[in-house]
Each structure stands twice: as structure tokens, then as C-alpha cells.
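According to TrEMBL:
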type: DOMAIN; residues: B:17-205; note: domain 'ABC transmembrane type-1'
type: TRANSMEM; residues: B:20-41; note: transmembrane segment
type: TRANSMEM; residues: B:53-74; note: transmembrane segment
type: TRANSMEM; residues: B:86-105; note: transmembrane segment
type: TRANSMEM; residues: B:139-164; note: transmembrane segment
type: TRANSMEM; residues: B:184-204; note: transmembrane segment
Amino acid sequence: MLTPAPADSTPAGERPVMIRMAGVEKYYGTYHALKAVNLDVHQGERIVICGPSGSGKSTLIRCINALEHHQGGEIVVDGTQVGKSSRGLDKVRAEVGMVFQSFNLFPHLTVLQNCTLAPRKVRGLAPKEAEAIAMKYLERVRIPEQANKYPGQLSGGQQQRVAIARALCMAPKVMLFDEPTSALDPEMVKEVLDTMISLAHDGMTMICVTHEMGFARQVADRVIFMDKGEIVEEGPPATFFANPKSERTRTFLGQILHH
Amino acid sequence: MIRQFTSAEFFFLVSAVRWTLLLSAIAFVGGATLGLVVALARTSPWQWLRATAGAYILVFQGTPLLMQLFLVFFGATMVGASVDPLAAAAIGLTLNAAAFLGEIWRGCIQAIPKGQWEASTALGLHYVTRMREIILPQAAKIAVAPTVGFLVLLVKSTSLASIIGFVELTRAGQIVNNATFRPFLVFGIVAAIYFALCWPLSLYARHLEKRFGTVSR
Ligand SMILES: Nc1ncnc2c1ncn2[C@@H]1O[C@H](COP(=O)(O)OP(=O)(O)OP(=O)(O)O)[C@@H](O)[C@H]1O
Ligand SMILES: [Mg+2]
């Protein structure tokens, strides 16, 4: 259904690089939001990013699809440089799906229309084709029966699943998640996480900003800890949680794991 | 020689209403078209375009409509083009309405949450599609009530066209008054006719505000 799962025998680190961030610098005015960020994400790899509020997690993933423009270093997505040409930008945005904390569904369009708009306008699919694909992904996130409702008629968890389906309809090579469960009532967190877990199992390349450490343990290949615009520490979840190297990481994990 | 105010005078006034309505309609359609351009320019990603539209709004909101009508009317005469008063009034009112509608609609466009822009951008939609499919349909809902409200103002503004000699309702009132010398009666009737035109519009605007006042999210 999705991008075919990479052979599980190949370790993530040996698969081709899907996203390369090298020495990325980002300023908001004079505020230095990303400081020399280096990050390679391989095909099929699942990355979880955590860190205190204001540490630059959103900024980092928003630079990947150029919702924010970086000023230094380079970002390459599937061979295309971000920020060099507007053609390149279109290509990157069409291949990178994004899910937001606040869902950002289009309130004046039905669930189905939310899902078919970009495939029709960007990929040039015929309405029937786009609808077939949309229904496939709505089934995938287990809400095909809501297709003709408006977003305002759905629960938060349902809306976020629609947002995931909407992004998947573009058949992206990478999915970015920016705290997808933070705006949800506790009883709806699980349905969204389950959707993300099943996506991970299908081999989707994913970068998730989240504080759901259970999710990180279960699916992440690597957990990245950011603070003050820098990547402070990274590692596979087992070592990351058991033996955090830096004091800042320990303090942060202490705060979020014991409350 | 002073005439009586008879039903003939009354119907003369009433029949001038069509010119008021025609002028309002032209100015509204023209102003809406140009106003959309102004609103899009004001919210565009290009600084120079925003600044240009901003200057336009500043000039037309910052000077009296009457002066704008004079400038169009006498300006055209000066360069040798003879404009008839209807054309001059229509052009002046259109330019003026565009500034006000542009500013109203800019606000409506900017009232759409940033997340809507971001989500549509992240999906790879281009500016035109983003505007047409996502932003403008939502902005339009917020815009209807203030737009109809502005239309009320516009209908009343057309009375200024009387000064450059266009015979709409107000000018018709002046003509009748000059002949009958019954200012209170004549202008009372003129005012009542304006009221009859504008009141339903005001009511409609209020109704729309109740209906669309809160954007459904
Ligand atoms: N558009 C902006 N203009 C100016 N400063 C910004 C802007 N966006 C973010 N910042 C600043 O950049 C820093 C990093 O912000 P960012 O949103 O990336 O943090 P975050 O790690 O995602 O935090 P949170 O957990 O609260 O979402 C913050 O200090 C924030 O105030
Ligand atoms: Mg954030």
C-alpha cells in the first residue's frame, strides 16, 4: 500500500539517505533557532525528536519542507536541494507529508475533499482516481464512514487521522509529524499513535516530534534530543533512555518520564 | 417663478433612483473587482506589491471622496478627454470603493488561521490554488457581512456625484427644490428614499453577520 518496506535485514544506516541536513543554520531575525544541525535520515528510518519547549524541534522539521527557510548549510531531500529553486521546492513538498499538532484540516471541505484536493491539483489525478486513493487511505486510518462529513463534525482523534490520510494520499516518501497527539484528549492519543505505528511498520520514513516516549521506544530507530537549537544527543531508544550521555538529556528525561 | 410640489415632482425624484442604483451597481462591481486585486496585493508574498497596494489604500482612504471625484472629472477634462458625469462618478467611486473593500478583505484573508496556509503549502499546493480553494472560500464567509455593510455606505456616497452634475437622486432633489423652493419637503423625501434603499441592506448585513459571524471550524 505504501512505499514498499525496505528489506528488514538491511540496517537503517546502510540504506540510501532520504534526508540530509548538513550544518543547517536558521535565524528568526537575530534569534539563532538552529545551530549547525547535522542529521541524516535513511530510507525507512523512524526518528523521534524530543526536547524542551523552544528548543527548535518544530523549526527543524519545518525547514525540511521549507515552511521555514534556513539560512546556512544545506538540506537535501531525496536528492533535491531545498531552497535552491522553486521547482525543487515543489518536488520536495509533493514528496514530504506533514501532520500538525492542530490538524489544520480545511473546515469548508469534506473529509473526502480534504484528501483529494492535493492529489488532483498537484499530481493532476482525475477526481475518480483521487477519490479511490482517498478512500483507500481513509480505510487505512479506519474512518471511511466519515468521508462525507466536515472536519468540524469529527472528534480530535478522527480529525488527526484524516490529516494523516490527507498527507498519505500524496504518496509521500517521508512523513513529518509535529507533536501530532499534543492537542488530543488522552483517550484519543492511542488511536493516532496506533495509526503512526502501523505506518512505521509499513516502512515509511518518519520524523516525529513527540513526547510520547512509549511510541519512541516501540518504533524509533533513533531518538534525538534537542536543546537551544542544537542536537545534543542521539541514539537508539534502548541506549538513549537507559544511558543518556548528557546532563541536559538526563534532566529532560527526568522531567517527562516522571510526571 | 415658483412651481408647486406635485406628484410629477415626486415621480421625478423616484425615477432618479435608477441612476443612484446604476451608479451604485457599477461602483460596487468595479470596486469589488479592483478591491480583490488590492486585497491580494496587500497579502502577497512580495514586499513591493504590498507597499504599492498600501499606498493606494492610504491615498484613497485619506482624502475626501469629493476631491477624488473632482480630480477624476476635472482631471479628465484637463487632458482633453471629455468624460460625462456618470463615467467620472463611476470611475471615482470605483477607485474609492476598491480601497475600502481591499482593506476589508485584506482583514478577512488575514483572519484565516496560519495553519490553513501551512497545511496547504505543505501539501504542495501553489499560490493560486491555495488562494482559490482554501483561503478565499473561508475568507468570503467572514467578508459577506462587512461587504454588504460597505454597500450601504456606497449607496449613500453616490449622492456626492450630484456635485459634478450627475443627475441621480440628490441632484434630482436639488433640481426640484430650485423649482419649488420647498427644501424641507423635498430633501425629506430624498432622505426617505435613501433610507428605503439602505435600511433593507443594513438589515440584511446584520442577518448575514449572525449567520456567518462565527467561522465554522
Ligand atoms: N516565526 C517565528 N518568529 C520568531 N521566532 C520564532 C518563530 N518560530 C519560532 N520561533 C522561536 O524559535 C525557537 C524555537 O521554536 P520551535 O517552535 O522550533 O520550538 P519547539 O522546540 O518546537 O518548541 P515547542 O515544544 O514549544 O513546540 C523558540 O524560541 C521560538 O520562540
Ligand atoms: Mg513545536
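For all residues, glycine too, the Cβ spot is worked out from N, Cα and C.
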Beyond the flanks of the transmembrane segment (B:184-204) by 6 or more, those residues with Cβ under 8 Å of it: 5, 9-10, 13-14, 17, 20-21, 148-149, 151-152, 155-156, 159, 169-170, 172-173, 176-177
Leading contact stretch, B:20-41, B:53-74, B:139-164 vs the transmembrane segment (B:86-105) - CB distance under 8 Å: B:20-41
Contact set, same chain, for the transmembrane segment (B:20-41): CB under 8 Å, 6 or more residues outside the stretch: 49-50, 52-53, 56-57, 86, 89-90, 93-106, 108-109, 131, 147, 151, 154-155, 157-159, 161, 166, 168-170, 197
Contacting positions for the transmembrane segment (B:53-74) when only residues 6+ beyond its ends and CB under 8 Å are counted: 38, 41-42, 44, 83, 85, 88-89, 91-93, 95-96, 98-100, 102-103, 157, 160-161, 163-164
